[in-house]
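Q: Take this structure first; my questions come after.
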C-alpha cells in the first residue's frame, strides 16, 4: 500500500504493517488505467461527512497531478453519484452486510470485504475556478438514472447525463480490459460475420453493470456476495496471461513458422498474435547471441 497518508488526519498502513480487519476503505478506481487506485481509510471518518464533494477533495489532494482542474464524476455500480446520493446509508448497509455475513458463517472478515469501490471518470477538459466551485451543482443538474433514455443501452446511456464520447470510451476500455474474454469473443464473432450481434451482447453486459447497483441496497443482503463482482475483479485478467504465454511459446519454439501460422483465420486472437511476434523476436535474438 502507498506510504502516503490516506486521509489528511490519519496515516494508513505503512510498508509491512498488517491491515486491521476493523479498518474500512473507499477505493477510488479511475477510468484512466495509468492512475493507480486511491484507497481512502474511512475507519475514523463519520459516514455523514462522505459525499461527492469530499471525494473530489480527497482525489485532488492525493492525486493532484492527474485530477487538478479536471472534471470528476463518480459512479457506484452504474449509479451516477451527486449531492443527493445517500452515500452514508449505502456505506453503512454495505459494511453491516459484510460483517453480519461473516458473523453468521463464523469466518473472519476478508480484506476485500472492507473495500467499497467507486469509479471516477476524469474529464478531458480543464475547468475554470468558477466551474470548479459549481462542480457539485453540475452533478445535480444531470438527469437521474431513472430518466435515462431507454433506447441506448450500456455505457451509451451516459451520453444523456452529460458524459463526453471520450469519457465513455475510457470507461468502456477499462470495462473490457477487466474481462479479456470479451475481446476474444468480439474477434471470434467478427470473423463469423456476427459482429453486430456480439456488439449488442457486450452492451447487454454493460447494461447489467449499469443496473447492478439498483438492488444492492435493498433486500436481506442475499446478494451481498455479488455486489462488487464487477469491481473486485483484478484488471490483469488471468486470460490475458494465458494468451501471452501461449503466443510467446509458439513464437519462440516455431520461429518464423509461427508467423505463418498467424495467417490462418481464427487460430489465434489479436493478443496471441502480438505475443507470437514477440516470441519470434526473442528467438531471433537467441540465434544472434549463439552466432557470436
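Any Cβ shown, glycine's included, is placed from N, Cα and C.
Copied straight from Swiss-Prot:
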- 11: N-linked glycosylation site (CARBOHYD)
- 41: N-linked glycosylation site (CARBOHYD)
- 77: N-linked glycosylation site (CARBOHYD)
- 99: N-linked glycosylation site (CARBOHYD)
- 145: N-linked glycosylation site (CARBOHYD)
- 1-243: topological domain 'Extracellular' (TOPO_DOM)
- 265-273: topological domain 'Cytoplasmic' (TOPO_DOM)
- 244-264: transmembrane segment (TRANSMEM)
- 274-291: transmembrane segment (TRANSMEM)
Q: About how far apart, in whole Å, are the alpha carbons (Cα) of residue 99 (N-linked glycosylation site) and residue 41 (N-linked glycosylation site)?
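A: Cα-Cα, rounded: 17 Å.
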Q: Would you mind reading off the Cα separation of residue 77 (N-linked glycosylation site) from residue 41 (N-linked glycosylation site), to the nearest angstrom?
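A: Rounded to a whole number, the Cα-Cα distance is 20 Å.
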Q: When a 10 Å sphere is centred on the Cβ of residue 41 (N-linked glycosylation site), how many other Cβ atoms does it contain?
A: 21
Q: Counting by DSSP secondary structure, give me helix, strand and coil numbers for the topological domain 'Cytoplasmic' (265-273).
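A: Across the topological domain 'Cytoplasmic' (265-273), the residues distribute as 4 helix, 0 strand, 5 coil.
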Q: Tell me which of the glycosylation sites 77, 99 sits in the most Cβ-dense spot, judged by other Cβ atoms within 10 Å.
A: 77
Q: Taking every residue in the topological domain 'Extracellular' (1-243), what is their average pLDDT?
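A: Over the topological domain 'Extracellular' (1-243), the predicted model scores a mean pLDDT of 71.
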Q: Indicate whether residue 41 (N-linked glycosylation site) is helix, strand or coil by DSSP.
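A: DSSP assigns residue 41 (N-linked glycosylation site) to strand.
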